[in-house]
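These come from TrEMBL:
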type	residues	note
TRANSMEM	12-35	transmembrane segment
TRANSMEM	41-62	transmembrane segment
TRANSMEM	83-103	transmembrane segment
TRANSMEM	115-134	transmembrane segment
TRANSMEM	146-165	transmembrane segment
TRANSMEM	171-193	transmembrane segment
TRANSMEM	231-251	transmembrane segment
TRANSMEM	290-311	transmembrane segment
TRANSMEM	331-351	transmembrane segment
TRANSMEM	358-377	transmembrane segment
TRANSMEM	383-403	transmembrane segment
TRANSMEM	415-433	transmembrane segment
Amino acid sequence: MSVARRVAKNTFFLVSGQVLWTVFSIILLLFSARILGVEDFGNYGFAFAFVLLFSIIADFGFERAVVRDLARNRKAVAKYLGNLFVIKIIFCAFVFFLIALSINLLGYSESVVSATYLLGAYVVLNSLAALPRFVFKAFEEMHYDAFLTIFSKGTVMVFGIAALLSGFGLIGLAFAFFLSGLLTAILGFFIVVKKFSAFKPEFDFSFWKSLLFQNIPFALNSFFSSFSGRISTVLLSLLQGSFAVGIYSAAYKFLEGLQALPTLIVMPVYPVMSRYFLSSKAELQKAYYFAFKLLFILTLPLSFGVSVLALPLVQLLFGSSFSQSMLVLQILVWSIFFTFVNSASSNLLFAADRQKTVALFSGIGAFLTVALSLYLIPKISFTGAATAVLLSSMLVFLLSFIAAQKVVKLLKLAFIPKAILSCLVMSFAIIAFPFQEFFTLAALGILVYFACMFLLKGIDAEDLRLLKKVLGKKFVSPEAPNE
């Protein structure tokens with residue numbers, strides 16, 4: 001298979017997996033919010049956010065380095081799996097111990113504690129299931145990765161909805177995650193052993209030291225990024241209770257389901273930036289411009305559109321009992337905008353070997369989130385939590401953008417006022433339209449926005465050429481081995 005066809009095939013499977021993951025996530029979200037109600041949905045939102053605070057200890061940012069190393073030396077797969085399996089077991093046991101100890105010290109109800117145990121076990125199993133995914137990506141067999149993604153979220157959706165409809169409530173939903181995580185881990189390792197390489201546990205401590213040390217910047221960045229997104233939910237629960245968390249989590253989890261968007265855009269561009277950082281600053285500038293512009297012109301109308309349509313969207317998805325989530329959604333969707341667009345700058349910094357800078361900015365953002373949450377939540381509850389996340393994401397975006405300009409400058413910014421003007425026209429069209437059916441208004445908004453962008457030449461032939469190039473053989477990672 002040619003390199004270009006292999007890249008196209010792998011991109012197709014990754015996109016398909018992420019799209020179905022998003023669809024399954026939103027379907028489960030709708031059922032869980034409507035069946036559990038605001039209070040229990042708040043307990044679910046807290047328990048999940050709480051266990052995810054600890055997940056980075058188990059994950060430790062291994063993916064980038066391991067996939068890179070195995071792509072260069074596929075014969076080392078048994079060594080990596082054997083050592084990483086032991087490391088993961090140790091880290092996962094420690095993580096579950098911390099989760100169990102912490103939740104029992106906080107004085108939550110028995111049902112919340114039990115749900116936290118089950119979701120903690122799911123996080124541990126999910127971390128173990130990441131090991132087979134490293135192999136699939138390194139060997140460029142993305143159909144296995146997509147299959148695991150679809151299987152994992154599909155089984156969670158089916159088991160979760162079945163548990164909710166059967167009346168098992170919060171505990172049943174948490175058990176669905178645990179069962180799905182167990183089956184996914186077993187299936188992932190079965191595929192690895194059957195199709196790639198058998199392995200046995202290894203204790204190469206010098207290898208452990210080297211691997212752990214080189215991953216510290218990636219681990220710190222992942223920790224702070226995850227921490228910023230989750231700590232507001234945990235603090236909201238501690239300071240305001242489960243009802244406030246339920247209102248907040250409805251909006252947060254809906255937007256969380258859209259997290260695949262920047263990954264799908266940056267995924268084919270990141271290896272390009274890594275290569276051009278060493279060989280061509282002019283081409284690096286083009287790649288960065290492409291990623292930044294594409295993320296900007298796609299997420300800006302999303303933020304404007306959700307802001308205008310927040311109330312009908314919340315009522316459509318969650319019902320009238322979650323109507324207060326409207327304001328949270330209107331605030332958090334702008335946090336999503338800054339976070340999504342920032343992924344272009346942060347990946348440029350990663351490509352330029354400035355992962356410590358990215359970790360520093362993420363740490364500053366996490367600190368600001370905590371400080372603002374502690375100040376704002378007692379005053380304005382879930383609105384304060386959303387505001388803290390928004391201001392933090394804005395700061396991280398600005399810091400990363402400024403740092404990225406020291407690598408290569410983003411010279412052409414004419415698309416920004418054109419996109420803003422197009423979004424304003426779109427918003428006025430939605431508000432003025434006589435029919436108030438959500439899907440009709442959403443379709444109208446999309447048509448008006450892109451029509452304006454083409455008329456204003458905010459999207460031009462150069463953008464389409466770059467898009468074609470990004471998916472073609474010229475934009476293949478140099479680390480991809482030839483077959």
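The first residue you see is number 1, and the count goes up from there.
Here the Cβ of each residue, glycine as well, is placed from N, Cα and C on the backbone.
These numbers come from a predicted model, not from an experiment.
Residues 50-51, 54-55, 57-58, 60, 62, 66, 112-113, 116-117, 120-121, 123-124, 127-128, 131, 134, 199, 201-204, 207-208, 211-212 of the same chain sit 6 or more residues outside the transmembrane segment (83-103) yet have a Cβ under 8 Å from a Cβ within it. Sequence-distant residue pairs (6 or more apart) of the transmembrane segment (290-311) and the transmembrane segment (115-134) include fewer than 3 whose Cβ atoms are under 8 Å, leaving the two stretches without contact. In this chain, the transmembrane segment (171-193) lies close to the transmembrane segment (146-165): three or more C-beta pairs between them fall below 8 angstroms, excluding pairs fewer than 6 positions apart. Counting Cβ pairs under 8 Å to the transmembrane segment (41-62), the stretch among 12-35, 115-134, 358-377 with the most such contacts is 115-134.
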